Amino acid sequence: MAKKSMVAKSKRPAKFSTQAYTRCEKCGRPHSVYRKFKLCRVCFRELAYKGQIPGVTKASW
């Protein structure tokens, strides 16, 4: 889990566009965040396996 202060800081608008960065909405993780879902890869995988993300299915070929 991310520190509460860092999560609060990321929610504030950045002064400059280059300072903006994405964080996971669920856990606050700053790395490997999918912009479309606003989730990190760990949380995305958990929710996808539970079937809580509509339209996401496990790949099979």
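Glycine residues also receive a Cβ, built from the backbone N, Cα and C atoms like all the rest.
The Zn(2+) binding site feature in Swiss-Prot is assigned to C24, C27, C40, C43; the stated evidence is sequence analysis. In the three-state DSSP reading, C27 (Zn(2+) binding site) counts as coil.
All protein chains included, C43 (Zn(2+) binding site) registers 19 other Cβ atoms within 10 Å of its own Cβ.
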